[in-house]
Amino acid sequence: MSSLAAPQTGLLRQYLVLTKPRVTQLAVFCAVIGMFLAAPGMPDLSHVVFGTLGIWLLAAAAFAINCLIEQEVDARMLRTARRATARGTISDIQVLSLSGLLGGAGMLVLYHLVNPLTMWLTFATFVGYAIIYTVILKPRTPQNIVIGGLSGAMPPALGWAAVADSVPAEAWVLVLIIFIWTPPHFWALALYRNNDYIKAGLPMLPVTRGQQFTRLHILLYSFALLATTLLPYAIRMSGALYLASALALGGMFVWYAWRLYREYSDALARRLFRFSILYLALLFGALLIDHWVGLLR
């Protein structure tokens, strides 16, 4: 029995890696925040549960397709060379089947147990990431992250739609925050993984325009991000607690970007990349806490 279980466990682990669980977790977290912000009180828990499930399934399906399309590129990069698709230990048919199963299940869950709007928006996000970004933008332009960042910024709108069956201006403000956050987040990664991207032949900004140009644009985007995160307070979507959090977190982001601009090191770029993930989670957490505090007044 144990000899049979080991290969099955290994295959399941390979499938899980292809769905990029860490990235999926952050995306789904932002979607869930959108769900809770969409309701003046406690949202319909069935919509929260099934909305979360459906969005997670389609996100996982998109990431699996991404790994399939980029398997040759991944094989040339140290960071991704151990993926099953890059090593050839899992077939294209298996990945397509996995993605089709996850994506189909996600669409059924969202359509029948949440609402059609959320299903179509999530499907459009799937196409935007798996096809438009991965196939068209990423291998062709250094602005791939900027243009293609919209698909990665959509989770709050998807979550909002799951609860409210609409996507008002407040939801698009959250999308805008992630949209502005995306370039400095990925450019920091591209800086300290620059050799990987050169080997892979991908036109990331540090490859095409150089390190100094990229560092400057990370700094400029960090200021733009700080300004953008003040919008929820400006439109009275949030209160003083969120404002203080946005200023503190944004100030730290600018500080990291300024240090990276003044004196580059791979360690600083890696530190900014990791902080940017924590930054987004804390910022959206502050939005939710501020929302709940407002409900108690």
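The backbone N, Cα and C atoms fix where each Cβ goes, glycine too.
Residues annotated as transmembrane segment in Swiss-Prot: 23-43, 49-69, 93-113, 117-137, 144-164, 171-191, 215-235, 238-258, 275-295.
With Cβ pairs under 8 Å as the measure, the transmembrane segment (144-164) is packed most heavily against 23-43, out of 23-43, 49-69, 171-191. Here the listed stretches are 23-43, 49-69, 238-258, and the one with the most C-beta pairs under 8 angstroms to the transmembrane segment (171-191) is 23-43.
Within the same chain, residues 15, 18-21, 23-24, 27-28, 31-32, 35, 83, 85-86, 92, 95-96, 98-100, 102-103, 105-107, 109-110, 113-114, 118-119, 122-123, 125-126, 129-130, 134-135, 155, 158-159, 162-163 sit at least 6 positions outside the transmembrane segment (49-69) and bring their C-beta atoms closer than 8 Å to a C-beta of that stretch.
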